[in-house]
Protein chains: 2
Amino acid sequence: MSVTAPRGFRAAGVAAGLKSGGATDVALVVNDGPDAGVAGVFTTNRVRAAPVRWTQQVVRGGVVRAVVLNSGGANACTGPAGFQDTHATAEHTAAALTASSPRLRLGAGDVAVCSTGLIGERLPMDKLLPGVRTAIRALARDGGPAAAEAIMTTDTVPKTTVSRGTGWSVGGMAKGAGMLAPGMATMLCVLTTDAVAGPELLDAALRAATRVTFDRVDSDGCMSTNDTVLLLSSGASGVEPDEAELTAAVTAACHDLAQQLVADAEGATKQVAIEVVGAADEDDAVEVGRSVARNNLVKTALFGNDPNWGRILAAVGTTAAAFDPDAVDVAVNGIWVCRGGAAAEDRSKVDLTGRDVTIRIDLHAGAAAATIWTNDLSHAYVHENSAYST
Amino acid sequence: MSVTAPRGFRAAGVAAGLKSGGATDVALVVNDGPDAGVAGVFTTNRVRAAPVRWTQQVVRGGVVRAVVLNSGGANACTGPAGFQDTHATAEHTAAALTASSPRLRLGAGDVAVCSTGLIGERLPMDKLLPGVRTAIRALARDGGPAAAEAIMTTDTVPKTTVSRGTGWSVGGMAKGAGMLAPGMATMLCVLTTDAVAGPELLDAALRAATRVTFDRVDSDGCMSTNDTVLLLSSGASGVEPDEAELTAAVTAACHDLAQQLVADAEGATKQVAIEVVGAADEDDAVEVGRSVARNNLVKTALFGNDPNWGRILAAVGTTAAAFDPDAVDVAVNGIWVCRGGAAAEDRSKVDLTGRDVTIRIDLHAGAAAATIWTNDLSHAYVHENSAYST
């Protein structure tokens with residue numbers, strides 16, 4: 001049920017002609033309240049798309065009544081004119097929503113905007129704005145799945161989730177199949193809840209959740225200009241969870257969506273969990289996991305079903321984490337091919353024929369642990385990304 | 001003429017059976033003096049192969065009379081037994097050289113050792129040590145090209161160079177086609193000179209040269225466990241160049257070899273120069289160039305002849321360099337496709353059909369510049385590296 005699983009939300013996904021071929025490309029999520037709480041986390045890339053800069057401002061106020069999202073164009077690296085396009089989209093959405101239902105009384109500052117697609121090109125506003133009006137007419141209590149479909153780019157399947165509290169729930173949708181790397185490993189994600197929760201509580205829950213989910217997906221090491229994760233609260237359930245309860249439900253939703261992103265990553269033939277244990281602290285564990293996740297020689301070896309632990313150790317060695325190179329153990333799918341920094345069990349025992357791969361690295365330097373999720377580097381990844389914009 | 005171009009050196013390359021198929025795999029370079037100066041730079045990977053750890057100790061003394069190199073096995077991640085193998089190789093080489101020519105009187109500490117090949121497996125010492133004896137018998141004043149051939153792994157061509165001073169010269173050989181990344185972008189390189197130059201002068205010249213050559217090649221972002229660059233001086237010319245002269249000749253030799261490495265990088269279809277200008281300082285320029293060089297989405301776009309400058313900007317945005325995202329210009333093969341962080345000249349004007357590509361990034365933040373050399377990410381890279389160890 002996506003973002004419309006919790007009470008108080010309507011959504012829609014329609015075709016505005018931004019994508020060729022008639023696929024849906026404009027999504028709208030409206031929070032009917034009674035509350036309109038919001039929190040957001042955004043890309044840490046210093047080259048931020050116009051909608052990111054706009055939505056960061058909007059979210060700062062703690063109130064958002066609608067989110068308009070488009071695929072078919074990222075509106076990144078488009079200069080002042082691109083920012084103006086985002087602003088116009090928010091204004092137009094606010095005015096049209098108010099006209100459709102005067103009790104809403106929205107201004108541009110109540111509308112978050114998200115865009116995804118090719119970087120460096122202006123959006124065709126003559127198509128986008130009519131699309132927004134079409135989306136408003138299509139808004140429905142069960143419109144969540146349609147919205148999830150409209151934000152897809154190279155995704156092969158829509159990604160939605162629901163996680164339930166006691167008397168309230170969290171719903172969500174996400175898109176992202178490339179440029180998946182930290183500082184948020186998705187392009188766009190909208191989460192909704194009918195819990196009663198103000199902006200501060202939403203922010204605490206969202207940051208705690210993304211830190212251990214989206215931020216630990218590193219599919220291709222490339223950080224997007226458009227990453228946005230929003231969490232909206234309607235308060236429609238009347239139930240006020242505590243921070244731990246809300247964090248648990250939001251984390252479950254983010255974890256589910258993050259796994260769906262890794263599962264659908266461009267061209268991937270493997271879904272890889274890199275479990276780093278025995279680290280001196282969590283930052284070390286994350287650094288080591290990320291270094292292995294980003295190593296093209298490790299990734300191509302996995303594509304070739306090759307348990308090449310020497311490449312894994314070489315990647316670990318590039319980090320500043322605390323460890324003794326002569327004390328590191330590495331297991332691939334449960335076989336400890338490396339003990340004490342040297343060959344151990346026979347690598348031929350490792351079965352890499354399945355899609356799921358687990359690499360476990362024990363640094364023997366402490367008690368901290370972290371898992372990073374990644375993919376292999378395949379012919380299909382090269383093919384898809386060498387042909388994307390042309 | 002490789003490492004035997006300068007006077008005072010002999011070399012050989014022979015087949016010891018470390019590689020399947022009978023290709024040569026053991027190289028030996030002997031410095032007949034009168035001097036025996038040495039300097040070295042090594043991988044900064046914390047997981048260092050046994051020969052790197054050995055040779056770092058040897059070089060510290062400032063004297064090396066012979067370098068023995070093998071392909072067919074990296075002797076990395078092989079534990080104390082692997083280090084023992086390196087030590088035994090040095091001892092055996094020293095003893096056999098002394099036996100062959102008693103005036104040499106070598107100890108193990110006079111012999112540098114370099115290895116390259118698969119990580120994580122012990123070397124077959126029963127083949128390597130007889131191979132060393134064969135190499136000693138094959139030593140010749142014109143043996144440089146044979147030595148250069150014997151250190152190849154996935155290289156398709158041997159890499160050699162000569163640069164000349166007044167009355168003296170620098171010769172060199174290198175191997176490396178993958179795991180090409182900073183903290184030295186080669187696996188193995190031996191440079192020789194018949195100039196009169198002590199260890200301190202050699203060290204200053206070598207560090208200055210590698211900093212702007214090998215350290216600026218970043219073909220695949222993967223740092224090796226075995227990188228070693230050695231510079232040996234025989235003094236046989238009797239000419240004593242000053243630091244500037246020696247640095248210029250060594251830099252020319254390193255630059256030539258570095259370009260040969262990029263030209264022969266695994267599976268590459270493009271040879272890419274990323275020229276970063278207008279940087280606040282050189283470190284910023286290098287950081288930006290490296291970030292673009294390592295971005296898989298930029299690299300796959302280049303493979304697809306796609307001047308996708310948005311991906312270039314997204315890569316620049318992940319750095320901590322000083323720049324204003326709205327002031328960055330990007331040219332691809334001379335066409336300024338991005339000005340002020342937004343689209344400028346028509347991308348269709350960019351001709352990417354040739355092998356050489358130049359990406360110029362003007363940060364408009366200062367007067368410093370640096371060039372990083374890299375390659376595209378191709379189907380052949382994925383193929384070659386998914387099948388290497390199996």
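The backbone N, Cα and C atoms fix where each Cβ goes, and this holds for glycine too.
Per TrEMBL, the feature active site, nucleophile maps to B:Thr186.
Feature annotation from TrEMBL assigns substrate binding site to B:Thr153, B:Lys175, B:Thr186, B:Glu266, B:Asn385, B:Thr390. Within the same chain, residues at least 6 positions away in sequence whose Cβ sits under 8 Å from that of B:Thr153 (substrate binding site) are B:Ser71, B:Gly72, B:Thr116, B:Gly117, B:Lys175, B:Ala177, B:Met187. B:Thr153 (substrate binding site) falls outside any helix or strand according to DSSP and counts as coil.
Proximity to chain A (CB-CB distance below 8 Å) holds for B:Asn385 among the binding-site residues B:Thr153, B:Lys175, B:Glu266, B:Asn385.
The DSSP secondary structure for B:Glu266 (substrate binding site) is coil. According to DSSP, B:Lys175 (substrate binding site) is assigned to a strand segment.
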